[in-house]
Amino acid sequence: MSFVEYGDMIKDGDTAIVFLGHESMFPVKVQHGTVTQTKYGVIRHSTDLIGKKYGSKVTCSKGGWVFILHPTPELWTMNLPHRTQILYSTDISIITMMLELKPGSIVCESGTGSGSLSHALIRTVAPTGHLYTVEFHQQRAEKAQEEFREHGVEHLVTVTNQDVCKNGFGVSNIADAVFLDIPSPWEAIGHAKSALKAEGGRICSFSPCIEQVQRTCLAMEEYGFTEINTLEILLRVYNVRTISLQIPDLGNAAEDNSSAGFDSSDPSNQGSPCSNLQQGTVQFKSGVPLREMVGHTGYLTFATKS
Amino acid sequence: GDCAVLKRGDVFKAVPVLRRRKIIFEKQWFYLDNAIGHIYGTTFEVTNGGNLQPKQEVEETTTETKEAGTDNRNIVDDGKSQKLTHDDIKALKDKGIKGQEIVQQLIENSTTFRDKTEFAQDKYIKKKKKKYEAVITIVKPSTRILSTMYYAREPGKINHLRYDTLAQMLTLGNIRAGNKMIVVETCSGLVLGAVMERMGGYGSIIQMYPGGGPVRAATSCFGFPKPFFDNLHEFPLSKVQSLLSGTFSTETLPSDPEDNALVEEESNGLTEEKQTSLQDTEEEPATEAAMEITQTEEQETMDVNAEDVEFKQNKEKENKENVREKQIKQFERRKKLMETAALLREKNADGLIVASKFHPTPLLLSLLEFVAPSRPFVVYCQYKEPLLECYTKLRERGGVINLKLSETWLRNYQVLPDRSHPKLTMSGGGGYLLSGITVVLDKGKSDCSNSEALKMEEPSPKRCKVQDLHC
């Protein structure tokens, strides 16, 4: 397996995703002799995982089963250990497209944080591109480096432990794109500009607060960036459900003791294709929104270096 | 020969770069000749002669404390505040006065300008500049540019797939270098192009198409180098059932003209027999055609001199060559088709992307057969309802997990000091996505993991935890 290439069989040393059910999964480091506890029982790596095909069903000791999935940056984003607030795939998707990233791109990122976006960027620029990521927190920088190594992508990324606002990204005039997710992005715009290639480079800044966005846009303008554009993107998820709604009893036109208004045994009422033969309900399929949804992550500001 | 995208403000248009080709864009006519050689991203002005000229960087006149009002309580819009008439402005334009000057003239001849607030003045100037300072930037095509352009100009051609929805598809589908992707789209080739861009020429793509052949109008706009197309295959949807049931043959291709000369046997590879049969039968139609021509010519010409004979012979040769060429092309087509069929039969594709005008359910149910386990798939549909049905049928089929029906909500902002707010108009809808991951298909048993079977009914309120809903 690899975070930048698919493999068919689970191997010793892989990072695999154990899927237990709807929105219930966790990553596991596959190792000979190890066992993993799940609510369905024990998974023995040597017998249950290694040598099996990704996507297989594995029965645990208590009888329940799980699926073992090949890791992808998207699955990693949903399951990684948080050291900071992370970016989710919705924002990551639009960032990737708006920064025009593709195999061979050189990208600069700060802050690395928990590496959610980093993994996605590495996946996109592989095999010939590179990610230069800067993190001012020493432990986080080290943890990120460790994870990149474990995931077999260290040749595609360089982690630098410094303050991007003071010392920049460590490269100049080569980046196709720069991404900023830091408290004061306007202080890094100058460094971003020097890291970017001479013409046509793209920049993106992610900030939760509109005041930060205002300052950043001003800085971008001062440094001569063009096509400055701010947007936000939100995900709406729907649950597919079969819903049954009751028919209300509206009484009947004639005052007698016959049954309620909608008589389902009456042949003339067979018109509705969804009506249930069972007394007084109508069934239909619906995409029901979740009760709560994420209402805000941050504002994304994009621009081009001219 | 490039495909370039013209940009003015938020308006885009893709055009082929050809000399002496008149282009019409945003009410202006011009030739691109002068643009050739400049780097992408250069901004041009249109001269009176219809030529492009790089725009000089002009220093914005420093703002001395301009006279401005505090609010609009006394400003009456009677339509008479601008003293320059339509004809006056036209005269200025005809004289060749630059847009900047025109804007300056408009400001000076506006009776209400100095009463406007600074913000209103700013807005006024921006509006006039937009109208009179005709600058065009030529940008390099990319998924970002082309998807935005198509959504704004011709959404019908891409099934109203909004660019952020496309972005989601590319990420959810884990589109990257080295994959073996199956793509079905009726979006003029935009989705295919986006996939190709993210794969960078590595890996392979099998595009399944309806009808006679895939439409790739948008794909050519991307400007991919030739090698990108080496691993792009196509396969007709009309042959999918036969491929799945094992009865596939290349005997009848979708738009194949009747070809009784070539009799194909079903086989997985090409044998020597086929090649010789090709040569044998190829002679017949050619000589027939040649004979036809000589007969008509004999009727026409009374005199037969040496030149005529030679001319006839050359024509016969030409026709023979044309027919031979056609048959070679056909041969190549069938060969490719067999190769693509073989690729599909491996049933190890790394993902499936569907964005078409067709009902998604039959596409998914059949095409997922060709995808390996533990791989993502993403289906786009302009409408939600077909995806509800698709979801249900996929649950019945099994072999898929983590099904998710979603749409994205996109909002653009105006960010200016003391004037930041979301923009006035917003896209009402950008389509819906159904995504999931394949797993090993356990024939007979449902693949709903233990608690998943319960999820089909409406969940009780207790089950919805806030953390589960975090995207």
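Including glycine, each Cβ sits where the backbone N, Cα and C put it.
As recorded in TrEMBL:
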BINDING   A:S114, A:G115, A:S116, A:L117, A:E135, A:D163, A:D181  S-adenosyl-L-methionine binding site
REGION    A:256-276  region 'Disordered'
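Positions of TrEMBL features highlighted on the structure.
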{"residue": "A:S114", "record": "S-adenosyl-L-methionine binding site", "Cβ within 10 Å": "21"}
{"residue": "A:G115", "record": "S-adenosyl-L-methionine binding site", "Cβ within 10 Å": "31"}
{"residue": "A:S116", "record": "S-adenosyl-L-methionine binding site", "Cβ within 10 Å": "24"}
{"residue": "A:L117", "record": "S-adenosyl-L-methionine binding site", "Cβ within 10 Å": "28"}
{"residue": "A:E135", "record": "S-adenosyl-L-methionine binding site", "Cβ within 10 Å": "28"}
{"residue": "A:D163", "record": "S-adenosyl-L-methionine binding site", "Cβ within 10 Å": "16"}
{"residue": "A:D181", "record": "S-adenosyl-L-methionine binding site", "Cβ within 10 Å": "24"}
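When secondary structure is read from DSSP and collapsed to three states, A:S114 (S-adenosyl-L-methionine binding site) falls in the coil class. When the Cα positions of A:S114, A:G115, A:S116, A:L117, A:E135, A:D163, A:D181 are compared pair by pair, the longest gap among these S-adenosyl-L-methionine-binding residues is 19 Å.
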